[in-house]
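Dumping what TrEMBL says about this protein:
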type	residues	note
ACT_SITE	B:Cys87	active site, nucleophile
ACT_SITE	B:His204	active site
ACT_SITE	B:Glu206	active site
Amino acid sequence: MTTITPNIIAEHGLTAEEYQRVLDILGRAPNLTELGIFSVMWSEHCSYKSSKKWLKTLPTSAPWVIQGPGENAGVIDIGDDLTAVFKMESHNHPSFIEPYQGAATGVGGILRDVFTMGARPVANLNALRFGAPDHPKTRHLISGVVAGIGGYGNCVGVPTVGGEVNFHPDYNGNILVNAMTVGIAPADRIFYSKASGVGNPVVYVGSKTGRDGIHGATMASAEFNADSEEKRPTVQVGDPFTEKLLIEACLELMATDVIVAIQDMGAAGLTSSSFEMASKGGLGVELTLDRVPMREEGMTPYELMLSESQERMLMVLEPGKEPVAEAIFRKWGLDFAVIGHLTDTGRMVLTWNGETVADLPIDPLAEAAPEYDRPWEPTPPAPVVDAADVPEVPWTEALPALMGSPDLASRRWIWEQYDHMVMGDTVQRPGGDAAVVRIHGSERGLAMTTDCTPRYVRADPVMGGRQAVAEAWRNLTAAGARPLAVTDNMNFGNPEKPLIMGQFVGACQGLAEACRALDFPVVSGNVSLYNETEGRAIPPTPTIGGVGVIDDLDRMATVTFKAPGEAIVVIGERPDTRESGWLGQSLYLRELCGREEGAPPPVDLEHERHVGDVVRGLIQAGRVSACHDVSDGGLLVAVAEMALAGDMGAALTLAAPSAAALFGEDQGRYVVTVPAEGVTGLLAELGTLARHIGDTGGTGPDAAITLGGAEVALSDLRAAHEGWLPGVMGA
Amino acid sequence: MKSAVIVFPGSNCDRDVAVSLEQTTGRPPVMHWHADPALPEDLDLVVVPGGFSYGDYLRCGAMAAHAAAMTGVRKAAERGVAVLGICNGFQVLCETGLLPGALMRNRDLRFLCKDVHLRVETTDTLFTGHYAPGQVIRIPIAHHDGNYVADLATQCALEDEDRVVFRYCDPAGKVTEDANPNGSLDNIAGILSEERTVLGLMPHPERLADPRLGGTDGRPLFASLLEALS
């Protein structure tokens, strides 16, 4: 038997203090298998040891929340006896090392989290962050990640309908791949992971177990260095075909009454799934590891417990119902094995060749998981940028430059590689504010979006955290949806550094404030820390995935200009910012003046809520023909995006078109179009909240945006907007 | 009209086409499991749907061509039952030899999901009677391997016998290189068997057969079948 040396302990990512705690719990030295189990259960990835204290401060309840954080995914009531089940999860480290498989298995993992709960997945989204476009690795990473997401999602037949992409040099060594799945389940058929019933069989289904991904969770809990490339063997390999079969087999089985509890095998595989199920049920579990379906010969208990082979599930069944389940899994050509049973001992006992190879107390191990109150420092406030100190670039130059800049250019090259229409319910395809998927067989829809503006969060974590939530809420609102809840994916650097921990704490505060003010609770999430390379951290990126409901698809809004001669109205401006917008941290400042600086735009949550409720009311009443929120790039970029979507020009009549007024990124604003007959009434009703800034018009080759006697042809804007990404990718 | 949709492990447009069939014909199709060689009696139409049959880890459609259900499909086709293969279904029909030629990886080597324009090249079929000759329609594609190839003899036979049903074109109906999304020979998007009862096409008519999804240009294909086969 292997002797546990300080070296082995360090290789398993445990500190001396944490190892002492292992000794205290066991009253003896662990063997290697046991040490491996402690190591993954107490890794940052599985234990949330640095983040737990702050995650607890997020609001997680509302009358429509059925299941908040702590399960495989969050569950909300969407009416008609249906629920939406959703979560977002990161697969950052694996995607950097092996972009195709890293991204693909990220999609596979989040799909499993959702169908484990009884939901049929109906949509995937993804939030991606890459390094500088001209960094030598960026192209390779984009093409691999996009192909991996597509390769997995297209094959399983779940449409990939939305997401976002940012580029920044500080992601050069740590890209972010955050994948979100939304599913729909009947309200009376939600499945949970809490085991019950001493003696009930514990069943393994899905793919066989191989040696892939051993110690993936530990890898995801450490900084990168020059050796990280050597960790490639710890990246798992995805098999979307098996996942598709697993979805169909699980949903078929879930229609019967034989499942007591179910949990997918994600990070830390069999260890984490069996531990969590037993721990939640206050029970013990005994597993005969010889019965685990294995892909190769000569595997050890250590490897079986730590493997992160994909497309596997663990279930507890009603006693005697094994044949029902087995028949379904065999029909779908999947492995099925009864590998153990529940006990009342509160211990996890593993046997191999008739010998006990691990015997661990479950509750002490789970409860004694380290929880740190890490020291943190707030981010020093950034000075407010005075618009008077910012050079004025003529809008005719600035607008095409912005529309073809990395963070604003069209993502068509990416989403055309994703099947975004399979399942036949995609009513708003990628490219708008929110994606909308019809609830199958009805005239209602689910709207969804992912949002975060990392440059704001870095400048002011609290305000940036608020903004991420507010923008998600705004994007759902702009489609006419009632925003209901969010999932959060917290991507940060090394939490052992007080300034990084301070970013996390600040972002949580901002998230919590916004979620409360907007009645938009957090129902699921994921934390990814240690996103640093050679000591350099990523911009703090708390990605928010929002979900809302559209009660009548006839009253859904899109960003597209619909008809010429309609009024273009901006709603939500504060009268004092009309002529001097907020340029700090704006894309205008970064892309045209080369300055990434200043305080980000403030988010006034009361104003945000009021304006959003007004806009949603107008959409639901059928009084506006198009709607788009104002975000990155400011007012003129929003108008240009609507014009491009509708292939129709705009004649703007803004009085003082300064760069700050056109490109300032003041929050809480929407651009809508209003048919001529409704304009006067709408403006009178909204008073200073609304301003008529021009009219739609002009189609065909001469279509243009005109303002102050100058014009920019839509064809030029389109060339800049559509040309950038294919240009970078050389296709 | 009595129809069946073959369900392979990995099919993922089986439900989508079933919805379109039911909406157009008022009658849900039989969902026929791949392992069963005996198709239902009295069928008028068999649909081989889109998806990734058996994962398509080999050449697309190569595994499915050997599925038990395909024996039944081949027999049905021999009896003159109409067979429609969409996307992966087209690949499967080529692999079984029910249609000539093959579908290679797209010219740009990437999966491509987008609306394309198609010109209806012939209306002398069970599948296209409700379109006008030369009509330009908008239908989505979603595939990685839709680059149609065939030898010269096949190419000539397809042309001479009026068996090219759809060609990729621009919005004005011009068949150009730019309008060819995947590099297909002569912009071919869909072809008929010699007997004109088997149609394979890469685009997905079932994805634009409902106004809620942004278009209905796919619907006449199902309406044509309903009229021709009822």
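Placed from the backbone N, Cα and C atoms, the Cβ positions cover glycine too.
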Quick check for the class: what is the C-alpha distance, in angstrom and rounded, between B:Glu206 (active site) and B:Cys87 (active site, nucleophile)?
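That comes out at 11 Å between the alpha carbons.
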Just to verify a number: CA distance, the residue listed as 'active site, nucleophile' to B:His204 (active site), in angstrom, no decimals.
7
Are there any residues in the same chain, six or more apart in sequence, whose C-beta is under 8 angstroms from the C-beta of B:His204 (active site), and if so which?
B:Cys13, B:Asp16, B:Gly50, B:Ile86, B:Cys87, B:Ile139, B:Pro140, B:Ile141, B:Ala142, B:Gly218
Return one of helix, strand or coil for the residue listed as 'active site, nucleophile', based on DSSP.
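Note: the residue listed as 'active site, nucleophile' is coil by DSSP, not helix or strand.
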Just how many other Cβ atoms lie inside 10 Å of the Cβ on B:Cys87 (active site, nucleophile)?
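Around the Cβ of B:Cys87 (active site, nucleophile), 31 other Cβ atoms lie within 10 Å.
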Provide the number of Cβ atoms within 10 Å of the Cβ of B:Glu206 (active site), excluding the reference atom itself.
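B:Glu206 (active site) is surrounded by 31 other Cβ atoms within 10 Å.
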